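A short write-up of the structure that comes next.
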Ligand SMILES: NC(=O)C1=CN([C@@H]2O[C@H](COP(=O)(O)OP(=O)(O)OC[C@H]3O[C@@H](n4cnc5c(N)ncnc54)[C@H](O)[C@@H]3O)[C@@H](O)[C@H]2O)C=CC1
Ligand SMILES: O=C([O-])CC(=O)C(=O)O
């Protein structure tokens, strides 16, 4: 049987979208269609062509094209949504809600029309509420509408722990639950370096500082950049989720998933451990939480609900 390359649409050709397209291409996960608004048609085409021209040097054969025409995403297997405004210093992610909700609704209509069978990864902030907005507008089944936060938040936690211990990041595992805001819940109890519980390797007060830095990790980059937000680590995180789906790897990764009773919550998109494979979210994994951990998760869920209330 002929090999059929996957078609991946990346909506939004800004910092995160362009970086995501470039990594997807380099990893040959499929052919990439980068989409932006008509006013940015030429720059979007230019970015895509520039990436294509790197392919002989880097040695990849994925096609990367740019467009402002949603018809070009026809039949996409995977759609990654990065469209929307990013925050600047002094803003919270929640300040983006009204602008990005209207962008998300219009993108969802286009995806529903042109890529009705796709699996969708949402990045745009505030991402828990934006994933819910896509879900409601598109009518797609919940397992095909997935938000990205936990892979990034966990990557930040792992980076800080590896820096603290001066060990390989590869040996550090972490676990972040909840909404993608400053009250996200890094679960230290489930975090290890080389299989050794972190609580036995790092003093409690230092671990608390690392947890706090993780919670505010997005803001730390916003303050350093001055005019936008993180994009290398967010793009890498999207690609890890995309790879799990495209290669049906059945990876256990944190995703923003629709909860219908899991962890005691209903009708809310929230970051939880999931199994990611060819069908999207194939399972939400429920963990036993201590009373303190559950209280922290409740607080994070309340913050997400407050943002969702603005939309209703
Ligand atoms: N969930 C997460 O972990 C993260 C979320 N983000 C969020 O991702 C979003 C994008 O961030 P950046 O790429 O840095 O912003 P950016 O401003 O560089 O790019 C956004 C792009 O979306 C485009 N766009 C707007 N409306 C569109 C539409 N209807 N169709 C197609 N494209 C459209 C804009 O023209 C712009 O090129 C922001 O909301 C940001 O807060 C960023 C990093 C991490
Ligand atoms: O902080 C932001 O606005 C972008 C984001 O979500 C992150 O980098 O975690």
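Each residue, glycine too, has its Cβ placed from N, Cα and C.
As recorded in TrEMBL, the features of this protein are as follows:
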- 180: active site, proton acceptor (ACT_SITE)
- 12, 13, 14, 15, 16, 17, 36, 100, 123, 124, 125: NAD(+) binding site (BINDING)
- 87, 93, 125, 156: substrate binding site (BINDING)
- 7-147: domain 'Lactate/malate dehydrogenase N-terminal' (DOMAIN)
- 152-308: domain 'Lactate/malate dehydrogenase C-terminal' (DOMAIN)
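Each of the recorded positions 87, 93, 156, 180 was scored by the other Cβ atoms within 10 Å of its Cβ; the lowest score goes to 87. Cβ neighbour count for residue 125 (NAD(+) binding site) (all protein chains, 10 Å cutoff from its Cβ): 27. In this structure the residues listed as binding NAD(+) are 12, 13, 14, 15, 16, 17, 36, 100, 123, 124, 125; their two most distant Cα atoms lie 17 Å apart. Put simply, of the recorded positions 93, 156, 180, the one whose Cα is nearest the Cα of residue 12 (NAD(+) binding site) is 93. Close contacts with ligand 2, defined as a Cβ under 6 Å from any of its atoms, occur at 125 among the binding-site residues 12, 36, 123, 125. Residue 93 (substrate binding site) falls within a helical segment according to DSSP. Within 10 Å of residue 87 (substrate binding site), judged by CA to CA distance, lie the following recorded positions from the set 16, 125, 180: 125. Across the structure, residue 36 (NAD(+) binding site) and residue 93 (substrate binding site) place their CA atoms 21 angstrom apart. Cβ neighbour count for residue 14 (NAD(+) binding site): 19 (other Cβ atoms within 10 Å of its Cβ, all protein chains included).
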